[in-house]
Ligand code: F6P
């Protein structure tokens, strides 16, 4: 029989994402609802190692559902990758009588949490929070929808100036290993081409497509480039390459960068964070461990952390076809 869970810890780790605060709020309030204690750890695993924590109650999380970032702050901890670091963290949790942890973050967070739980027998439940949407076991991660809206709004503005000057813009968006942001914003913002890590369309194809656009009478164009794309060139080199091969194009580059990670969470992300986090606490209280919660077809589900880490959330390749048709 697993030990009764009385006191639950919560932390946010890895790249922050809009909606993490809504997730923290939901964890804390669900604990209060079920008369369990809740303790927040600062800066992810690093705060667990250093024992930097705060007791939280329902009122500790007032007025944060609408805020970007994370009130518990976030970090990527090198020390937690060592056995000694994890042992320190486990001792701190035992001293604080924490019976289980809710980990809000991405795959790096879940990988750390899984090893930690196996080594020290402290149950963990993962809540997927990353703008990249690259987690298996959920169709959506917290922050992805807000990031999409931020990017589309930015590209709409770039489109205004691109068309005023008859220019070609390369817009780099986040997504080190996954093209979800590029693909969906590319379609949403009406880009001519979309370059993603999952598919190497080749430089020749890019030139052909831009050449075709020009011949079709387009006077300005937008190419959305995922930071992890497979052309082997960064976005500035790409723009240079196109200028050299198609000199009639007046090309510019915009790197959207970390603005994609900030801002007020969309309603979708707030609701998603709330639903996932209520479920995460309920699973822990129910004696479950080493699971990740996710949303599939609008239903909240869970899978093992192992599955979440081994599986791959694939992009919908049909969107590439749609993009090609619509950029005619
Ligand atoms: O949050 C995920 C992500 O935005 C990736 O797309 C990006 O490569 C990375 O984080 C950059 O994060 P940082 O600047 O915090 O290292």
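Even glycines carry a Cβ here, placed using N, Cα and C.
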Practice task
Please pick, from 6, 7, 159, 261, the residue that TrEMBL records in the ADP site together with 25, 26, 27, 28, 29, 190, 191, 192, 218, 219, 220.
Solution key: 159
Problem - Further binder of ATP named by TrEMBL next to 76, 77, 106, 107, 108, 109, taken from the candidates 9, 15, 175, 179 - result: 15
Exercise for the section: Enumerate same-chain residues with a sequence separation of six or more from residue 76 (ATP binding site) and a Cβ-Cβ distance below 8 A; give 'none' if the list is empty. Expected result: 13, 14, 44, 108
Completion exercise
Counting Cβ atoms within 10 Å of each Cβ, the densest environment among the binding-site residues 107, 132, 192 belongs to 132
Fill in the blank from the handout: Listed in sequence order, the binding-site residues within 10 angstroms (C-alpha to C-alpha) of residue 132 (substrate binding site) out of 25, 106, 192, 219 are 106
Handout entry: Densest Cβ neighbourhood among 77, 109, 130, 219 (binding-site residues), 10 Å radius
Key = 109
Practice task
Using C-alpha atoms only, work out the spacing between residue 174 (substrate binding site) and residue 77 (ATP binding site) and round it to an integer in Å.
Solution key: 21
Fill in the blank from the handout: With neighbours defined as other CB atoms within 10 A, the best-packed of the binding-site residues 25, 29, 176, 252 is 25
